[in-house]
Amino acid sequence: VEDLYELLEKLGSGHFGVVKRCRERSTGTFYAAKFVKTQRCRGSRLGLEKTQVEREVAVLRQLDHPNIMRLHDLFTSRTETVLVLELIGGGELFDFIAEKEMLTEEEAIEFLGQILRGVEYMHAHHIAHFDLKPENIMLQEKDIPKPQIKIIDFGLAQRLEDGVTFKSLCGTPQYIAPEVINYEPLSAATDMWSIGVITYILLSGLSPFQGETDAETLSNIVDGTYEFEERCFSQTSDMAKDFIRQLLVKDPAHRLTATECLVHPWIKPLSRKQEVKRSRSSINMKNFRRFNARRKWKV
């Protein structure tokens, strides 16, 4: 790695490794180098299984979209894999929004539309992310008029193949779909449920299924019951609620797809009246800031 890249400061560290900023010697371009420790042999307690890292790399290699983090280069040894990734410097979308005075639904949709386009592209390439949550939705840079969304962390992503069912108990409790908890086959629709949850939180600052404990949260998700509390959704348009209702559907077959979301009247208004409604509705900033601060302590 160091022959081709100059390693700079540490950007963060996770369960199985560290991320450093680096500079490509030949071009001077900055990237993020993610060092992942891999197991020498199966069953070893140190590091990730090599197949798991290989799967993430294979997924990233198939994706090339402005709203998805790009893999630039790769180095592997027996005990470590280094992924040289696009450097994403704008922080998390939710942190960016929490710093704003206010945000209309129209502005929120600017970001949601980008998330949906990234997810639509992924699904068209038969890849599901399976870990969509605020921590994995970043901005390329934030001090510009129209920041660009980047979906990151494909560690749980899977290639979906016809006739092959995939089940997994993975993801973060408040964002996972009922079929994950019930250990039923997963699909692209599993990601769409997570987008429903993210939209609900973005507009209200409340998490639709959050319980006192993880067990209670999971039980609320399986029941599929949630409501739009008036005190938190008083500034929300009916179209926005309809959009959420069509995503938080227990039966995956009845959820909107990413492509259908992009033509839903809330995202793409059909009339001037719908457009005006959207620009007059706003997100509950006070509540949203509170949600975002609480999210930070948990991590």
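Counting begins at 1 with the first residue displayed.
Glycine residues also receive a Cβ, built from the backbone N, Cα and C atoms like all the rest.
Keep in mind that what you see is a predicted model, and the values were worked out from it rather than measured.
Summarising the annotation, TrEMBL assigns ATP binding site to LYS34. Sequence-distant neighbours of LYS34 (ATP binding site): residues of the same chain at least 6 apart with a C-beta under 8 Å from its C-beta are GLY17, VAL18, VAL19, VAL82, LEU83, VAL84, LEU85.
The feature domain 'Protein kinase' is assigned by TrEMBL to 5-267.
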Taken over the domain 'Protein kinase' (5-267), the predicted model's pLDDT averages 93
